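S.K.: One structure, as structure tokens, below. Some questions next.
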Amino acid sequence: MVNLLKVHGSQNHFFILDQTELESPLTDNELKSFTKKISDPKTGLLNGTDGVLVINKPVREHALAQMRVINADGSEASMCGNGLRTVARYLSEKYHKTSFLVDTMNASLRVRKDKDFAPNVPAFAVEISPVRFNKEALPFDNLGYDRLIDNYIPEIYPGLRFTSIAVPNPHLISFMNQKQITGPILGTVGKRLNDKNPYFTDGVNVNFAQILDKNKLFVRTYERGVGFTNACGTGMSATSLALVLTHPEMADLDTPISVYNPGGMVKTVVHYEESQYWIELIGNATFTHHLSLDEADLRTGTFEHVKITETNEQTAYEKFVDQLPKFNDITTLA
Ligand SMILES: N[C@@H](CCC[C@H](N)C(=O)O)C(=O)O
């Protein structure tokens, strides 16, 4: 039997598949079709997810394991901040370690157990890096700039300023008022830049942010390979760095920033060390369901005989969210 976990970070939901427990790992094609099927709200399990987090043996020296991120549409992302927290918790419990390295597509990243956010709401801190601004790293083109830092870009949307940062998955960020953030612009921009377009040819995660106070943000994200999501960890991290760069009076380096999102709240800390930015992302790592199925059914995407057991962690998470301040009309999506 194969065990899967349904997990979330700020209600950005995933399944975790630990391939080191399989007789043989899935091929890339099997992983892609398995993810598309299980993540789909209609054909999938438990209302679907934003993707699958795949655990493999480490590929670099000193790491405990490797995490691959397969988006709901079957594309692969270089990183996932909310997902890495849940993978960190899974590995921490499996190997009885509280601080270690996890390989991701471009780097081995530091993760550590943090203080619980609330009773039965475990939290982990993960490193978000490497950070790049150049247009080749995103990539973007045909916008007349080599880097986008708080530039008006009417080709993307008139009257809004945009910043673009790879962490290393690509993000586009705009700071705006409450009316704009709750309106339809995010869907319009997100869909257009993730369809065939001349600017972000590989697509981009689009983050709209409202500055609530010093070191306090609300962020809403339209994700590449997914669509609207409750929260995007790398997006909230990139947005925190954009805040430090474009509104320095509203955020401090090395100081926690509270980032509220439709699925809850995380903390970020932006650091600048050895001429490089990196961000620490701290938030819940919640396990909602344990699933088990035959390895043959996993390979063919047959879910009729899956056994599912619910944990009691979602109730605790919802209690934690209920006591958070409410800033606007965008509530949790799922
Ligand atoms: N939700 C993730 C980001 C997942 C990857 C993204 N869809 C991409 O294609 O870059 C997060 O929490 O960071």
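Yeah, the Cβs are placed from backbone N, Cα and C, and that goes for glycine too.
So TrEMBL lists the following for this protein:
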| type | residues | note |
| --- | --- | --- |
| BINDING | Asn12, Asn71, Gly81, Asn82, Asn169, Asn205, Glu223, Arg224, Gly233, Thr234 | substrate binding site |
| ACT_SITE | Cys80 | active site, proton donor |
| ACT_SITE | Cys80 | active site |
| ACT_SITE | Cys232 | active site, proton acceptor |
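Set these features in their place in the structure for me.
M.R.: With a cut-off of 8 Å between CB atoms and residues at least 6 apart in sequence, the same chain places Gly9, Ser10, Asn12, Cys80, Gly81, Asn82, Gly83, Leu84, Arg85, Val126, Ile128, Val266, Leu281, Gly283 near Gly233 (substrate binding site), listed in sequence order.
Around Cys80 (active site, proton donor), a 10 Å sphere centred on its CB holds 28 further CB atoms from the protein chains shown.
In the three-state DSSP classification, Cys232 (active site, proton acceptor) falls within coil.
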S.K.: What residue among the binding-site residues Asn12, Asn169 has the most other CB atoms lying within 10 A of its CB?
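M.R.: Output for this query is Asn12.
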S.K.: Measuring Cα to Cα, how far is Cys232 (active site, proton acceptor) from Asn169 (substrate binding site) in Å?
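M.R.: Cys232 (active site, proton acceptor) and Asn169 (substrate binding site) have their Cα atoms 11 Å apart.
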S.K.: For substrate, with binders Asn12, Asn71, Gly81, Asn82, Asn169, Asn205, Glu223, Arg224, Gly233, Thr234, what's the maximum Cα separation in whole Å?
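M.R.: Overall maximum Cα spacing for these binding residues reaches 16 Å.
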S.K.: Restricting to the same chain and to sequence separations of six or more, state which residues have a Cβ under 8 Å from that of Glu223 (substrate binding site).
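M.R.: Non-local contacts for Glu223 (substrate binding site): Asp50, Asn71, Gly190, Asn205, Thr229, Cys232, Gly235.
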S.K.: Please report the three-state DSSP label of Gly81 (substrate binding site).
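M.R.: The residue in question, Gly81 (substrate binding site), is helix (DSSP, three-state).
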S.K.: If the substrate site is taken as the center of the Cβ atoms of Asn12, Asn71, Gly81, Asn82, Asn169, Asn205, Glu223, Arg224, Gly233, Thr234, which further residues of that chain fall within 8 Å of it by their Cβ?
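M.R.: The surrounding set, listed in chain order, is Asp50, Val69, Ala77, Met79, Cys80, Gly83, Thr221, Val226, Thr229, Cys232, Gly235.
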S.K.: Fewest other C-beta atoms within 10 angstroms of its own C-beta: which of the recorded positions Gly81, Cys232 fits that?
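M.R.: Minimum Cβ neighbour count within 10 Å, taken over the recorded positions Gly81, Cys232, occurs at Gly81.
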